[in-house]
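First the structure, which I've put down as structure tokens, then a few questions once you've had a look.
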Amino acid sequence: MILLSTVIDFVLAARIDSSQNQRTRFALITVSLVLNLVFILGFFKYYNFFADSINLFLGHFGVKNALPILHVILPVGISFYTFQSLSYTIDVYRRQILPEKSFLRFALFVSFFPQLVAGPIVTAKTFLPQLDTAKNLTQVRFRKAIRYFILGYIKKVVLSDNAAPIIEKIFGHPENYGTVALWLAATLFLIQIYCDFSGYTDMAYASALLLGYELPENFRMPFIARSVTEHWRRWHMTLSTWLRDYVYISLGGNRAGAFRHRFNLWFTMFIAGFWHGAAWTFIIWGSCQGTILLLEALYGSLKEKHFRDFRILPDKILAPIQIILTCFVSVAVGTWFRAESFTKGWTMLKKMFIYTEGGLRPYMLKTGIPVILCVIAGQWLGYFIFEKKKEWNPPVWFEFSFYPIIAVILALLTPDLELPFIYFQF
């Protein structure tokens, strides 16, 4: 599939660039969109979802199994490389870049292995120019790569994988647990998917650095965001950027009037939800995210128009409150992302907001609380390093002398179970 997608967009982009007829150019970009989104991504990822939904609907009228359910194996990373390849064709259509003359160079862009299966999503205009630069592994790059790889390993194996059994147990049977246990599981899941996904991208970033390439940043302390809008500027940033550039702006962005602007926000997040998976839970999750962004945009415009200089509290007090509220909303909405079905998701949310007791075990707190505290500490440390620019650069010998100690600690904290990266399924 990756070869087919690569060939399609390489050929069509060249034809688009060579054509001076706008109708022909539009027809060719439409062919690219249909082939990539309908026949490749749509068939492998969404056919069974639509077939099952249609069969369920027709079943109410006595029509049984109108469409067959296919046992199709989802190609690993299909959502990522389809978006990457498609962005190239769209950029050529928009005349933002020239088509790549070498098929091998373009194929390397689409299939670059460090980030192939789970991102970050790269675009041709940022990656292809790097093929023309000399590849020198400097001391600075090597040290940076080692740091990112260790950080990614800690996030994935020490934090995400240790929290996984608690999350699996509670999300699997939410009806058996009380409010505190459910909130703990929902909080741990948001942390799990952050550590799992950002851990992978950190290790992918490190691997690319060692090969002489630099991948785009994908996460930037999302748990210090003061609104859900800001959260999406810090969380899965390459997907947010892709959706902004190729969906939101294509719909008119904020240039099409207030109503269209807010609809475009909502629809873009709806697409984000559907991109993640062919299930109603993902659609609900994306719709909820879009509704929140819509409401925040509405509040922002009203505040700018009528209460620009009004301050409820000093910023030092208001900021922590906004951060806590944003995390609270993200945790609650995130239950739909992890829920195994609509019924289980709804059951969990009801019990989270209507107090009940039961199910909480000491081992859950013993594991869960340290994981939460580690992530909070990491966000705080990241804030000072990246936002306040207070990075510490010790001598090489001093830094490397700690690595054997870190290796022993990681070996002790690594759980016995082996879990795949969550985003491999997307």
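Positions of Cβ are set from backbone N, Cα and C atoms, glycine also.
Pulled the feature table from TrEMBL, pasting it below:
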TRANSMEM  26-46  transmembrane segment
TRANSMEM  66-83  transmembrane segment
TRANSMEM  103-122  transmembrane segment
TRANSMEM  177-195  transmembrane segment
TRANSMEM  265-285  transmembrane segment
TRANSMEM  317-339  transmembrane segment
TRANSMEM  360-382  transmembrane segment
TRANSMEM  402-424  transmembrane segment
Among 103-122, 265-285, 317-339, which stretch has the most Cβ pairs under 8 Å to the transmembrane segment (177-195)?
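Most Cβ pairs under 8 Å with the transmembrane segment (177-195) come from 317-339.
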Mark yes when the transmembrane segment (402-424) and the transmembrane segment (103-122) have three or more Cβ pairs under 8 Å (sequence separation 6 or more) and no when they do not.
yes
Would you kindly list the residues that approach the transmembrane segment (66-83) from elsewhere in its chain, counting only those six or more residues past its ends and only Cβ-Cβ distances under 8 Å?
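Hits for the transmembrane segment (66-83): 1-2, 5, 36-37, 40-41, 43-45, 47-48, 50-52, 54-55, 58, 110-111, 115-119, 121, 242, 275-276, 424-426.
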